[in-house]
Structure formats: structure tokens, C-alpha cells
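See structure below.
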Amino acid sequence: MTSAPAAERPAAPAVPRIKWTVVEAVELFEQPFMDLLFRAQQVHRAHFDPNAVQRSTLLSIKTGGCSEDCGYCSQSTRHNTGLDREQLLKVAEVVEHAKAAKAKGASRFCMGAAWRGPKDKDMETVLAMVREVKALGLETCVTLGMLKGDQALQLKEAGLDYYNHNLDTAPEFYGQVITTHTLADRLDTLEQVRGAGINVCSGGIVGMGEGRRSRAGLLVQLANMASPPESVPINNLVPVPGTPLENVDKIDPFEFVRTIAAARIMMPTSFVRLSAGRQQMSDELQALCFMAGANSIFYGDRLLTTDNPDTDRDEALFARLGLRPV
């Protein structure tokens, strides 16, 4: 397996691996808030520059028409969200988006497709996208659903740096959100990605109605992998009208920060990414998340079908906080 790019390598030596239990993770969540943030910041400073944030840009290369029933997703054909199905983008169009992302300061370009998994007929186009984006000097990432056969090896040969496939939530809550594929299916794809020598990007979504134990359980699943993900995106649910989760109660903001802090402590050398939901966060809440150990964001005004802060707002926030790009 190839080593992670310099931007993703921790500055400090690797720490001994800890196998977490759900009980231990819950106890971590239950620490006094200030104690938890202090511990998370200590861990963060031991492995990363505390004032540096990695920036990724995410583009939907194929929108809508997905056969799966993920309860949070606007792109499922099983939900009445009013989203039209679109065809796979042309390679040249993707390259133009990637050039714009690089010009604005992104170091990684992520490409997402709404389907259960890529069909063979679409793979050559996706592989060409990876090769062309890589040639721009950007790190490449794709999120294509479940892989089969030698697709992971094909992506590796094309130059793919990262593959995103989130676990979404804890095992005991998973069936309340998704029924068309299992958590085991997701883990199988991640094993294929690891086996091909591609860096793993995997995290989850909070605020879907799960309890603290399930949030802790998600992090345990991630932290206890043979090799924890190099990138761990933590999404704060953005309820979409027409989906089963459109009326779910919002997670308490401090509980979201606790989740970030626990992720940092449990996966000390992983990049922890603030993902979906930043548009709804105040600058102050985001600052707390950075204090808790988040050191990566999605950069740009769109995340697949969800709004994201525009780059001007992010640049203003980074200036106020003294944060700089990786």
C-alpha cells in the first residue's frame, strides 16, 4: 500500500493503536465539555499543525436517479424530493470545475456519483476524470458507491488518491436509515479500496435521530478498523423535504462538537473533516469544531445537492481565526 501524501501524513510518530469499546467511547462523550475539548486539542497538537486546515472541493458528476433508499438523501428515486436525474458529466466539464477549485485554493478534488455502484460502461469515463484531474496537480477522490470486481484496482491505476465510502451510522441504527444495502456491504467496499492501495475516506452523519451511544458506536467502527481512515468526514444532517428524515430533530450544537472531539481523540492521526451542514453553522460553532480537532473542510458553495458556505465566507472566517490552508 502506498503511503499517504504529505498533506495527510502526521507530523508526530504513530501512536500505539487502541481498540475502543462503545462503553469507553460513550464515557469520552460524557466528559465535561471543557475537559473533552482540552484533551482533543492536546491530541490534535501532538499530530498536526493546529492552525492548518485541508480544503477539498466536491462535485456531483452524476446527480439523481439512485436506486438506494438512504433516508437522508435527496438523490434517491424512492423519495419525492423533486430532484431530476442527470447524466454523467463529460470529462472536459469536470476538468473545468477542477481547475476552478484549484484556483480558489482547494488541494483535493472529490467527484461523487449517485448510483448503487459504477457500471462497467461508466468506469472508463470516471477513470479519465481521475487521470485528468490528477494531471492538474490536485489530489483526487471519488465516491461511487459499492465497488465490484477489479474496479478498485482500475481506480488505483488511474491515479486515485482517496475513495470515500461512509459508514453513515452505528450498526444498531443502520437499518433505520438504509435497507437496500448493509453495513457489511460498505465494509466490503472499504476492504477492496484498502487492498488496492487507495487511501480511505470514511465517516458518517449525525443528527439523524440517533442517540449518543450510536454516535459513539459509529466512531468505534471507524477507529477500530485495521487501519483507520486517513480522512473522517463528519456530516451534520441537512434535512431534505421529501425524505424520511425531513422532520428529524436537530442535534444539539455542543453534541456535534463533542462528536468532533471524540473523533479526534479516537483517531489521532486522521484528518477530521467538517462536511455537510456547515452552511447552517455559525462561525462560532465552526471555530469550536476546529478547536475540537477538525482540520479539513469541503470548500466551495455546493456539496452534491446541498448548499455550502461560499469561499469568501470561509476566507473571512479563516482570517479571523488565523487558519491557513494545508
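A Cβ is built for glycine as well, from the same backbone N, Cα and C atoms used for every other residue.
When Cys110, Cys289 are compared with the [2Fe-2S] cluster site residues Cys141, Cys201, Arg273 in Swiss-Prot, the one appearing in that site is Cys110. In this structure, of the binding-site residues Cys110, Cys141, Cys201, the smallest number of CB atoms within 10 A of the CB marks Cys141. Every protein chain considered, the tally of other Cβ atoms within 10 Å of the Cβ of Arg273 ([2Fe-2S] cluster binding site) stands at 24. Between Cys73 ([4Fe-4S] cluster binding site) and Cys110 ([2Fe-2S] cluster binding site), the C-alpha separation comes to 18 Å. Within the same chain, residues at least six positions away from Cys66 ([4Fe-4S] cluster binding site) with a Cβ under 8 Å of its Cβ are Cys73, Gln75, Ser76, Thr77, Ala114, Trp115, Arg116.
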